[in-house]
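Now, the feature entries from TrEMBL:
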type	residues	note
BINDING	Gly82, Pro83, Glu84, Ser85, Ser86, Gly87, Lys88, Thr89	ATP binding site
DOMAIN	52-211	domain 'RecA family profile 1'
DOMAIN	216-290	domain 'RecA family profile 2'
REGION	353-431	region 'Disordered'
Amino acid sequence: MAKVTETSGANQEQRASNEEKLKALEIARLQIEKQFGAGSLMKLGTHVNAAGIEVIPSGSILLDEALGIGGYPRGRIIEIYGPESSGKTTLALHAIAEAQKRGGIAAFIDAEHALDPVYAKNLGVNIDELWVSQPDTGEQALEIAESLVRSGAVDVIVVDSVAALTPQAEIEGEMGDAHVGLQARLMSQALRKLTATIGKSRTILIFINQIRMKIGVMFGNPETTTGGNALKFYASVRLEVRKMETIEKGEADAVGNKVRVKVVKNKVAPPFRKAELDIMFGKGVSAISSILDAAVKYEIIDKKGAWYAYGEEKIGQGRDNAREFLENNPVLAQEIEKKLRSIMFPGMKEPEQVQPAANLSGTGLGSGVSMPAGLNQGAKTSAAEVKGAELKGGSGQTPGVKAAAVTSPSRPSAPKPAQVKPTLSEDDELF
């Protein structure tokens with residue numbers, strides 16, 4: 001009996017101790033929110049991504065599968081790199097097209113000054129609604145990207161490319177002058193400023209990058225990407241794009257390239273998955289080819305010998321004929337894709353509309369930020385505005401569209417943080 005009494009007393013003391021801890025924690029939470037703003041400290045279960053990460057499809061169901069979550073994760077940094085003419089910009093433009101199809105707003109920062117509007121239009125990009133900037137320096141490009149992210153109005157931003165982000169000092173200097181580590185230092189500083197804001201605004205920031213050869217490497221892979229190591233750390237997803245072979249029609253007519261996309265880094269799903277895509281010249285990634293290959297893989301379409309059959313209906317002899325049949329029957333292709341997504345991504349709804357990017361006006365992250373001079377001239381009414389969202393800085397209403405399948409609670413406002421003059425540290429990469 002004495003032991004039971006002692007145990008009961010110990011439990012009461014433990015409960016009292018826990019209550020005191022909770023009271024102390026609540027006092028600390030209130031002090032933190034008073035100092036840094038509401039939502040500065042929260043439980044993980046109430047986070048905007050607690051119910052799952054919202055995505056924007058890539059334009060290929062096979063690449064969506066390789067990414068593991070059905071598309072590019074929102075509020076993250078993506079890096080796409082590979083050799084020349086491997087399809088890097090094509091993948092980025094498809095991401096823009098998919099966002100626009102769902103009512104999203106996109107921007108393209110063309111540091112290479114090589115964007116082809118005709119090709120972008122052929123890929124499905126609404127060029128009348130695509131914001132484009134062609135900056136003169138790397139600092140200007142990253143400042144524009146930061147302003148767009150802080151606005152909370154843009155769903156996808158593409159920077160093409162990191163290698164073309166030339167520092168101001170290099171432009172003003174003489175040809176042949178040594179500028180060691182300037183670009184790496186610039187990227188490191190910019191990503192430190194961008195990473196937290198991107199997560200709050202739920203903007204997808206895609207960096208296209210080139211590869212270089214490291215001198216004197218005898219063993220291992222001599223290839224590396226430009227811009228230092230900062231982007232490798234800050235990117236949640238890194239995609240390596242490589243050309244496999246040329247797609248030929250007939251004996252000598254090249255109509256496209258078959259490329260392999262490898263997910264070399266993935267913070268939201270298992271990495272190192274691969275996807276093989278058909279990129280057709282002038283048309284971009286063949287979504288129908290991806291649907292056909294995935295349907296055969298998951299036995300939705302039967303392949304017996306050279307014949308492809310969907311249920312009792314034969315859709316073609318040979319892969320090219322089957323693909324052409326699906327291209328001519330888009331309703332059937334959509335039906336097959338819907339079945340595929342239910343198998344590949346169980347429990348995940350197709351985002352018919354993009355969840356509007358978070359408006360950071362009044363939070364200290366979007367206040368006082370205007371559109372860059374090259375972006376706000378000659379603006380036209382966007383599809384999002386037609387649906388009722390107004391572009392008003394500080395109005396609290398985001399220029400977006402209807403809620404996506406995965407809804408996220410709005411983030412409480414926070415006071416404007418103190419401006420700290422950036423300084424160089426030992427962490428700044430030089431190579």
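Placement of Cβ uses the backbone N, Cα and C atoms for every residue, glycine included.
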- Message: On average, what pLDDT score does this prediction assign to the domain 'RecA family profile 2' (216-290)?
- Response: 94
- Message: Using DSSP, what is the helix/strand/coil residue split across the domain 'RecA family profile 2' (216-290)?
- Response: 9 helix, 39 strand, 27 coil
- Item | Other CB atoms, at most 10 A from the CB of Glu84 (ATP binding site) | 8
- Item | Among Pro83, Gly87 [binding-site residues], residue with fewest other Cβ within 10 Å | Pro83
- Message: Neighbours of the ATP site Gly82, Pro83, Glu84, Ser85, Ser86, Gly87, Lys88, Thr89: Cβ within 8 Å of the Cβ centroid, same chain, sequence order.
- Response: Val241, Lys243
- Conformational class of Thr89 (ATP binding site) under the three-state DSSP mapping: helix
- Task: Among the binding-site residues Ser85, Ser86, Thr89, point out the residue whose Cβ has the most other Cβ atoms within 10 Å, with all shown protein chains included in the count.
- Result: Thr89
